[in-house]
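Written out below as structure tokens is the structure these notes cover.
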Amino acid sequence: MNPNQKIITIGVVNTTLSTIALLIGVGNLVFNTVIHEKIGNHQTVIHPTITTPAVPNCSDTIITYNNTVINNITTTIITEAERLFKPPLPLCPFRGFFPFHKDNAIRLGENKDVIVTREPYVSCDNDNCWSFALAQGALLGTKHSNGTIKDRTPYRSLIRFPIGTAPVLGNYKEICIAWSSSSCFDGKEWMHVCMTGNDNDASAQIIYAGRMTDSIKSWRKDILRTQESECQCIGGTCVVAVTDGPAANSADHRVYWIREGRIVKYENVPKTKIQHLEECSCYVDIDVYCICRDNWKGSNRPWMRINNETILETGYVCSKFHSDTPRPADPSTVSCDSPSNINGGPGVKGFGFKAGNDVWLGRTVSTSGRSGFEIIKVTDGWINSPNHAKSVTQTLVSNNDWSGYSGSFIVKTKGCFQPCFYVELIRGRPNKNDDVSWTSNSIVTFCGLDNEPGSGNWPDGSNIGFMPK
């Protein structure tokens, strides 16, 4: 082979090898691209980087490997459903009341484990209903329970425990120091109003979401006191009735509007109609209705209708079937704008529910003492009418058994508030037949349904002879 042929042969071989190297590089690139598109999340992909020499120089093909990590991170944020303030709903329809819970606290106190209480009530949050009571700082039948008939001592405190359970060591929570109280849930947080101190210089502490946020100081210097049952909240504003002044003479009565634990305003209850007002039992039926106790002049009960801004109406329940204790025999006078001036004092805490022109009234069976309990429906009993008639009577505690205070509470359901009430069943002093040194209570509760109820008797049921003295 002559020199020219050798040069031509070397050139052809060089060109052929360069072409092959170029094709290999292109093939690697295509293969790499296809594999990369098929790789899933969170996998390590190895991409070869190809360095191809210039076509005239076919000596080597250099392949360098780089590791690339591909991570797709998804963050899921779970948030609690936003709590809303309670809206102004109507009362649910109802035709009667049905037994709900009974704590049997005195019967269970035979072994001295139960806390001495009085002035119990019930209030509910979004999830549960709770029993509240004013504890005496003593256990049933212990030496410290001697003399617990007293209403106001520095040892009394507001406690909370699950509805239907007795207040025993381990199941209750102390809310505040108090010998008078009211509590309500605004849809987001609990608010408590707690009165304590000297009779002539007491104060009310307002607790919201577990923190002390505001206060009320006694202005009449005569036993500042409040409802002894739940207050009511609409749209975040809670309404509380407060009294200061004599128990059997002209006193001062105020309504406070409180938002998130801070007092927004208060108004004096006009005395044009209401002569005396204390221990109101309030519920929501679009507006707030309060049925209260006249401890001075009336065996008929004073009432108020209130919204988020002002007192809208006041008066006395018209019904000629009165519901305070003591009271005259049925029927009595119709008095819508003033107290009856018959068996006016002292009185007992009670409740009622307006139902159109009708009214449901809870009352002791006895007209003179705190024994028995019944709820009656009085047709046209909310208005001044000659047609008042007892259309329903449910006797829930027989007249042979002790009762006491009673009050309303409401339970939020779909689109309305269910009307409910509790009855305090007092045992011990001052009952002469209860030969013990203490005064305490159990509680029974009922709720309204749009059905016909049955009948029964739900007394305290404890045998005082079995109880610690």
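From the backbone N, Cα and C atoms, a Cβ is placed for every residue, glycine too.
The substrate site recorded in Swiss-Prot includes Arg118, Arg152, Glu278, Glu279, Arg370, and the single candidate from Arg259, Arg262, Arg293 that the record places there is Arg293. The record from Swiss-Prot ties Asp294, Gly298 to Ca(2+), and of the options Asp324, Asp330, Asp337 it ties Asp324 to that site too.
Disulfide pairing as given by Swiss-Prot: among Cys184, Cys194, Cys233, Cys231 connects to Cys184. Taking the Cβ of Asn308 (N-linked glycosylation site) as reference, residues of its chain lying under 8 Å away and at least six apart in sequence are, in sequence order, Ile234, Gly235, Thr237, Val239, Trp257. For Asn146 (N-linked glycosylation site), other Cβ atoms within 10 Å of its Cβ number 14.
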